[in-house]
Structure formats: structure tokens, C-alpha cells
Amino acid sequence: MTIAVGRVTKEENDLFPLIDDWLRRDRFVFVGWSGLLLFPCAYFALGGWFTGTTFVTSWYTHGLASSYLEGCNFLTAAVSTPANSLAHSLLLLWGPEAQGDFTRWSQLGGLWTFLALHGAFALIGFMLRQFELARPVQLRPYNAISFSGPIAVFLSVFLIYPLGQSGWFFSPSFGVAAIFRFILFFQGFHNWTLKPFHMMGVAGVLGAVLLCAIHGATVENTLFEDGDGANTFRAFNPTQAEETYSMVTANRFWSQIFGVAFSNKRWLHFFMLFVPVTGLWMSAIGVVGLALNLRAYDFVSQEIRAAEDPEFETFYTKNILLNEGIRAWMAAQDQPHENLIFPEEVLPRGNAL
């Protein structure tokens, strides 16, 4: 028996290497394998949003006007969620609800599921794009890892939360004012601001803003002067090979200000990555908790005392009453299918009124 040792020669016209070479070759806008997911999904998501906000009404799902055609502007137009009666249907154009009728599909809220799913895959494709580009340019994949934060928030808010509720109806609609309404909804129905995961998310995002401002100002303040220009933008050569700012000077400054300072660039920049990404992940975990209707902090003793003593009130008890007011007003307006009618005497009033 003869055993041949060696490489198997590929056919000249083998399709996979040709496609791989074309996708990953160096060009002005990199395509890559991730681009097969990113570009079509991003195109359809953006195109669907522009189409929906321009032409499509929310009259049949929310009883609202939501398009430019109906008189909305950029801040008030939205692609709204499907009606509550459609539960978690994918609302495919060819599905049993629309039966291939594009107009009916739009009226039922099919564009929302179209946007949510294509938007989610577009974000995932963008993260894969960062992974794919990291290797050829010899980077570590921290950009892609950090982008998992926004993806986690998007998936938790737009997909996981409504999956835990009765339908897509309770997810945010895609629009500026619609997102604001959803934030008020989260507060009124879940007391979102008093949840520890929301607090960690706020600390992460605002902490990252502070770190970003401090870092940018410090680097700008400690740049080496290598020219005689009159201002920052003309005094420095952007192509110089050596380091352009002084870590030692920055460390000395912040040591005097705070008593402590970063002495290692890698730890400093990792911390700037860690704080916002962790904050976004904590927010996403908190929203998953809301999908399961997990409760926030309850200070029942304060509620009982406020109910018994007209002169006792705390910011917490005022917020609880505010939440009840949001629920009473919003449920009747936002869920017309429930036919809720609240008489004036049951609407909450604080002790101070």
C-alpha cells in the first residue's frame, strides 16, 4: 500500500477561497464575512424606520398618529409596536395575520418586529465586524467585547422584556417621544429608578462620562510642545512618532488633586472600558429582571406611616404615589383595549395636596 504525504492542492476554481478573498481584501470600506450579516440587516432596519416614520400610522395599534404624513415631526414620529392582541407573533409579511398584504402588514405593526429583529442582527454583525478586523490589523478584541454592552441593552429592552410580558405591545416603539413615554412607563409600572441594577447602570454611564472628560482634558493639558503655533491645533505635529503627552506630569497633577492617581496607562484605559460596559450590562440585567416582574426596593414601613399620619411624607412615599398616578393615567390612555375608566376620587393624591 502506498501512502502519499503532502498538501492537497486546491482546485483553481474552488469557490470558497475566491469568496473569502473578495470579502476580506483591503478596500476603502471593509466588507468581510460579518458584512454579509451587517450590511443587509442595517439597510433593512434603517429603511424600515424611515418608511414607517414617513408613511405608516399607529391608529390601528395604539390609536395614535405616528408618521410625518399625519403631521408628526422628527421627535414625535415613531414605528410603533404591534397591538397587544397580537402577543408575540413575529408578524411575518407572509404570515397568517397579513397574508402577504403589505398595507395590512404595516397597519398591524409588522414594521416594528421587522426593525427589532433586523436591528438586533445588525448590531451583532457590527460586533462581529470588529472581531473580524481586529486580527488582520493585529489588535486585541476589546472593541468588540465592549460593544457587547449596547447589544445587551438593546436585546434586553426590545426583545427580552416584551417576551416576559404579554406581547411586543409593551416594548418601546422606535421614536424619540416614544422612548420617553416608555421610560415613564418603566418608572410607573416597575419603579425602575429604585432598582439596584438601574443605579449601577447610572453610576457606570455617568462615571464613564466623568472619566472621559477628565482623560481628554488631562491628555490635552500635558501634550508635548513640538511647534510654535499659537493654539493647540497648530502647535503639534500629528505625525510625530514618539509619545505626545506626559503620563508623569498627569500623575503628579492628579496625585496632588485627589491624593491618588493612575500610574499605569493600561490600567487607566482598561478602567475607562470597564466602567461604562459594566454599567450597560447591569442595566441590561435589570431589564431582564423587569421582564420577570421582579420588584424594586420596598420601604413598607414608610408607606404604612404615611397612610396613617397626614403630616408624614418622604421622597419615597411621594414617588410611590407618583407611580400610582402614572399607572392610573397611562394605563387608561395607553391600553385602550382594556377599556379602563378611573373615577376622579380614586386617582392618587399626596398628603401635601
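Along the chain as shown, residues are numbered 1 onward.
The backbone N, Cα and C atoms fix where each Cβ goes, glycine too.
Residues or ranges marked as pheophytin a binding site by Swiss-Prot: Gln130, Asn143. Counting only same-chain residues six or more apart in sequence, the Cβ atoms lying under 8 angstroms from the Cβ of Gln130 (pheophytin a binding site) belong to Pro141, Asn143, Ala144, Phe147.
Classification of Phe262 (plastoquinone binding site) by DSSP places it in coil, neither helical nor stranded. The feature plastoquinone binding site is assigned by Swiss-Prot to His215, Phe262, with sequence analysis given as support.
All protein chains included, His269 (Fe cation binding site) registers 14 other Cβ atoms within 10 Å of its own Cβ. The Fe cation binding site annotation in Swiss-Prot covers His215, His269.
Per Swiss-Prot, the feature phosphothreonine maps to Thr2.
Here the transmembrane segment (41-61) has long-range neighbours at 67-70, 72, 77-83, 106-109, 111-112, 114-115, 118-119, 121-122, 125-126, 169, 173-175, meaning same-chain residues at least 6 beyond its ends whose C-beta is under 8 angstroms from one of its own. Sequence annotations record features per position, and here Swiss-Prot assigns transmembrane segment to 41-61 (among others) based on sequence analysis.
Here Swiss-Prot flags 125-141 (among others) as transmembrane segment, drawing on sequence analysis. The list of residues near the transmembrane segment (125-141) in space but at least 6 beyond its ends in sequence, with Cβ under 8 angstroms from a Cβ of it, reads 24, 30, 32-35, 37-39, 41-42, 147-148, 151.
Summarising the annotation, Swiss-Prot assigns transmembrane segment to 153-166 (among others).
The annotation transmembrane segment is assigned in Swiss-Prot to 208-228 (among others) on the grounds of sequence analysis.
Residues annotated as transmembrane segment in Swiss-Prot: 279-295 (among others). Sequence-distant neighbours of the transmembrane segment (279-295) (same chain, 6+ residues past either end, Cβ-Cβ under 8 Å): 148-150, 152-153, 155-157, 160-165, 186, 190-192, 195-198, 200-205, 207-208.
Outside the transmembrane segment (153-166) by six or more residues, the chain places 81, 84, 87-88, 116, 119-120, 123, 172, 280, 283-285, 287-288, 290-293 with a CB less than 8 A from a CB of the stretch.
Spacing of His269 (Fe cation binding site) relative to His215 (plastoquinone binding site) is 9 Å (Cα to Cα, whole number).
Taking a C-beta cut-off of under 8 angstroms and a sequence separation of 6 or more, His215 (plastoquinone binding site) has the following same-chain neighbours: Leu268, Met272. For the binding-site residues Asn143, Phe262, counting C-beta atoms within 10 A of each C-beta gives the highest total at Phe262.
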